[in-house]
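Visitor: Just passing along the structure, written as structure tokens.
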């Protein structure tokens, strides 16, 4: 059975047609039959949960069939108001205004220094007690060569992402005598390992809750039917299932019952961020702005954005679309406008995925089935060569569904993701100091920007990366580092300015202990032999 070609042919027709509708109905019916077969294999203790997952998938698949494509009406896209995005941040707190302009309280994007200038109330503890910190913890460390949850990779002084997160919240709770809980949204890939490790925090001053995001079946690209035959996800079925992106947080949070429990405890806002973004700490000024808005009208959704650099041109950007804020991802942009989208001069900001969302609004919109997020079609090739697609959604895309949404243009220091070992080298170095789980750029660094680091394929896996550094180099005066090939670093190496180290195929370069490389290009073959 193969409808995929017929479906593509039907969708290419202009305007609705009877052929399109027949193909859609046949696909939906075939999908329902296959999902019913899968559900029938669920054990009784998993039946309700599996049914919820498959119902959610069925809705997403229905929308996938209905929507002709992911593009937006480019003619309706406007930049957010110019005067609210023209702050050039320097370092962690200093800033320079490019031009002096008045910003209205009604601007869709507010500069962070304006939020901060309001100061903090005396009762900041009561404000903090309304907050819940949520970390997106569904990802594995496979891209960095690690097994298990990415959150359990050591990133600084043997502390993992999860360790640092718990330390940050515990510091808040101890400092202000508050009860800010941590919630982890796990996936079926990370849940078991994460729960095992949570036992080590049993005596910390942080309540930790978990819930699982949904588990959806991967779809065969040719047949547009699920490749899973039963509900198991081990052994041969490991590749049959996937977690459907962090946009699934709304439904899964609601279905878990945790959303209602937290509302019952008097919690009002969640601060959501990726667990691998080490800059995403609780900001008291933003929280105060949410709880005590200057115009008396509370925001239901705040997205932290920051100024683009050339490294961020593919990141989703906030736009004004039909008088509301809308997140536009590169996958939604018509091909003819991709270069325009990536322009740093036209779209100056991008989404950090640090989000502040009202719990009551999530509950209201979820019960009305009114959370609208664009579908991301993610093609994958499995180990056996089978081409599949995953239907996903992104949490920030829901911004247009909430009332009185706001963007806040924050310092770059609030966006410190660790996606690669190049990122890991930065956060492990003396560029940053660690205090109560939070990383801040060293005051000894004269430049506010982070060096550009590009480590080659020999450094991709964490295990290989650690083996190649006897100690992390001094990088306080580094601007740019490129390393390619079989290269190792001895102890107490210092890197300054622009350093490029390239070992050709078959060659090896050992940077000796104590070496100082300043504006150097090192290539060829350099072996330091033990005596």
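Cβ from N, Cα, C; glycine included.
Heads up, here are the entries from TrEMBL:
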- 150, 213, 245, 276, 419: UTP binding site (BINDING)
- 246: substrate binding site (BINDING)
Visitor: Of 150, 213, 419, which binding-site residues come within 10 Å of residue 246 (substrate binding site), going by C-alpha to C-alpha distance?
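Guide: Hits: 213.
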Visitor: Which residues in the same chain, at least 6 apart in sequence, have a Cβ under 8 Å from the Cβ of residue 245 (UTP binding site)?
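Guide: Looking at Cβ-Cβ distances below 8 Å from residue 245 (UTP binding site), excluding near sequence neighbours, one finds 376, 392, 393, 394, 395.
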Visitor: Indicate the candidate from 246, 419 with the smallest number of other Cβ atoms within 10 Å of its Cβ, considering only these binding-site residues.
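Guide: Minimum Cβ neighbour count within 10 Å, taken over the binding-site residues 246, 419, occurs at 419.
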